[in-house]
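Listed features, source TrEMBL:
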BINDING   L7, S8, G9, K19, D69, D98  GTP binding site
BINDING   D98  Mg(2+) binding site
DOMAIN    4-155  domain 'MobA-like NTP transferase'
Amino acid sequence: MLNGVILSGGLSKRMGQDKGLLMLDGKTTVERLYEKIAPLCQRVILVTNKPDSYRSLLNKMPKATIITDEIKQLGPLSGIHAALGETDMDYNLVIACDMPLANPECFLSFAKNQLDSKNELIIARTADGRLQPLHAIYHKSCRSQIEQMLTSNNLRISSLVDYVTSKIIEIPTKEQEMFMNMNTPEEYNAALASTK
């Protein structure tokens with residue numbers, strides 16, 4: 001079993017509003033992601049720097065706990081660091097709230113054979129060669145290395161593969177839409193169209 005982590009702490013500068021609270025098909029992006037991740041996880045940790053904005057959603061998300069970054073203003077890596085400090089499970093499925101087509105069940109079908117191995121990071125690579133660290137599985141032992149990265153201002157999450165035992169999973173092209181993210185109003189409009 002594993003815990004789920006939803007990262008919703010971004011500044012949303014390009015979007016102009018909190019991406020976790022954007023509406024898609026009548027629900028916030030955080031609610032939609034929670035509904036996908038909760039059946040697969042023991043509990044769900046929501047990491048945000050605006051906890052008051054999300055408290056009203058807790059009655060719809062009974063497995064969820066809200067926490068904030070311990071090390072502020074350093075992006076998603078600090079959110080992962082906070083979640084790994086909070087978790088009580090070895091493996092944690094981490095997904096960013098701005099991935100409206102995230103498919104944790106599909107991703108786990110590719111990754112399940114890597115759980116309970118010596119891998120500390122199970123991460124997808126898409127056909128274009130890019131790693132997808134914001135839709136990945138992190139062992140809680142990654143926390144100490146992430147803390148070192150934060151301390152040295154190395155904020156590039158995908159560089160974690162160089163420091164921990166990692167398994168890179170090649171994802172078939174037809175499944176890669178799960179990694180689409182939305183950072184701009186145009187990308188949000190595209191997500192609205194694709195979720196109808």
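In case you wondered, yes, glycine gets a Cβ from its N, Cα and C as well.
Automated prediction, rather than curation, is the source of TrEMBL annotations.
Because the structure is a prediction, the values reported are computed rather than measured.
On the structure: features taken from TrEMBL.
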| residue | record | Cβ contacts under 8 Å, 6 or more apart |
| --- | --- | --- |
| L7 | GTP binding site | V47, P76, G79, I80, A83, V94, I95, A96, C97, L134 |
| S8 | GTP binding site | D18, K19, G20, V30, L46, V47, T48, Y54, A96, C97 |
| G9 | GTP binding site | V47, T48, N49, K50, T68, D69, P76, S78, G79 |
Next on the checklist: Let me make sure I understand the span of the GTP site: among L7, S8, G9, K19, D69, D98, what is the greatest distance between any two Cα atoms, in Å?
Outcome noted: 18
Checklist outcome for this item: D69 (GTP binding site), Cβ-centred 10 Å count of other Cβ atoms over all protein chains shown, is 22
Checklist outcome for this item: Averaged over the domain 'MobA-like NTP transferase' (4-155), the pLDDT of the predicted model comes to 93
